[in-house]
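These come from TrEMBL:
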- B:18-38: transmembrane segment (TRANSMEM)
- B:69-95: transmembrane segment (TRANSMEM)
- B:70-282: domain 'ABC transmembrane type-1' (DOMAIN)
- B:107-127: transmembrane segment (TRANSMEM)
- B:155-180: transmembrane segment (TRANSMEM)
- B:201-223: transmembrane segment (TRANSMEM)
- B:261-286: transmembrane segment (TRANSMEM)
Amino acid sequence: MARRALFYVGLVLLLLAVLFPLYWVVVTSFKTTRDAFAIPPVWLFSPTLDNYRTVFANRVFLSAFANSFIVSILSSALAVAVGSVAAYGLAQQPADLRRAREKFILSLRIAPALLFVIPMYYLATRIGALNKHWLLIAAYAFVNVPFAISLLITFFDDIPKELRDAARVDGAREFRVFWHVYLPAACGGIVATLILCVLFTWNEFFVALVLTGRDTQTLPVSITSFLTFQGIQWGALTAAATLIMLPMIVLGILVQGQVVRGMTLGSVKG
Amino acid sequence: MRSIAAASDPTKHFFQPIIVCLTVASVALTLFVIWISLHDLSLMRAGREKFVGLDNYIRFLGDPRAMAALWRTVLFTTLATVIEIALGLAVVLFLDRDFVMKRLVRTLLLVPIIMTPVVVGLTWRFLFDPATGMANYVLSLVGIAQVDWLGSPQIALFSVLIADIWQWTPFVILLVMAALESAPTDPLNAARVDGAREWQVTWYVLLPMLRRALAIVALIRAIDSIKAFDLFYIMTRGGPALSTETLNYYGYIVAFTNFDISYALAIAIILTLFTNVALLTMYSVLFPKTGNR
């Protein structure tokens, strides 16, 4: 009995450590400036939406929201569309050929983003594309395609081979098999891949920091503008932070079984 | 006959164009990057580049700031990987039993992983605020003197490390947990029947079964820690007094503050080579050829 109690004490401490920082940011976003900086901290207070009003009155932040939305949806959709076609082909190949591809894809992951961001930045300044949405969409699609391929292969592998063979015997061409058999059968996996791409793109900071201009700033870049030299506006900052992360936490929980699988490129099925 | 069948295999057309595109893009990019790193190219004076050979690489070897950054990267990566694996494994073993809200706990553990890294950095910067932050308040409750978490050159790197550990230990936990659940329970029970103590079962039976999962997660964490950028940019910007500047961050500064893109790419190439060597070493230690996988 004592062991059991001890276990639950440990569990509560673990969850406290995991969730307290998040809780504190979200709670602070509903506090007045006075409450936010009170020491000792105020645990009970009358909530205010002032911080959110400040954020929504900020045009830069609103356009960053739109930019993040457009860029992450379009680049992910592009990556998944291209990736699912390639993954279908690769899923039918013998194991040794696929392993070579997987190594290639892993090596793309090892290379630091700096390596491809600098030449892209250089070329973009030359052709004046630095403030264009398509540059960012192309960059993220390039990053997401290898990821989408390797994840989608694991979903296509889950589809029984008999389904394909049966359709082939009935005289279906490869594309028909892909379109009418594989896509519907792997629908859940494709949606999960799309969501994971959106999640990574939305959260991505480094590429966006370098390749965005005034009109294309995404949310993670835009939020750093609250870190001014005059001091940090923690109230508005925590409200903005909450708005940025909340949609991703909802999406992530929707596909929770696939997140770990996605982050290990399918080498572990979560 | 087989070769003819293989040549006309229509499934090849599904992936070959894309693989060719990716390969061409990577090769072109690599060549371009190497070309730039062998020249003296600065954004400040575009169009006046000249060939300088290996000068940028030689400059790296004699650059104390770069060497310090490289050492800091090694330190940060080693500490982050080791602590996250050890802590994660401890939590997995601790949670390895049936309890009521196990599914809920797994869902909650997911939250730090999918949280926007920039927001994670802001959150910890907020908690580490010297005057009004929660971290110092908690310390004052137990009577420990205030710590200047992000303002002290001796401490700042470890403060960023804490944020990194907070965000990524749950990832280790979830991955190892999944491996543990798909592992067979028979060997464990057999060992118990043979009279092994519980710690012996864990050490000699359970851990070897988790070996592959632990190795994979260690490799992933090492790769990502070497490239860590977001937390450093948000929490410390490499400061104070360059005490948290990693090699990746230094490369960014060289490229986009000094606009010396040739030297920055030389740094990026060295970082990539260094990562590859480190990972190959790690791989051969974690997956010895003679060992059973």
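Glycine is no exception: its Cβ is also placed from the backbone N, Cα and C atoms.
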| Does the transmembrane segment (B:261-286) reach the transmembrane segment (B:107-127), going by 3 or more CB pairs under 8 Å (6 or more apart in sequence)? | no
| the transmembrane segment (B:107-127) versus listed stretches B:69-95, B:155-180, B:201-223: most Cβ pairs under 8 Å | B:155-180
| query | Excluding the flanking five residues on each side, which residues at least 6 beyond the ends of the transmembrane segment (B:69-95) place their CB within less than 8 Å of a CB in that stretch? | reply | 102, 105, 157, 160-161, 164-165, 168-173, 176-177, 180, 202, 206, 210, 214, 217-218, 221-222, 225-226, 228, 242, 244-250, 271, 274, 278
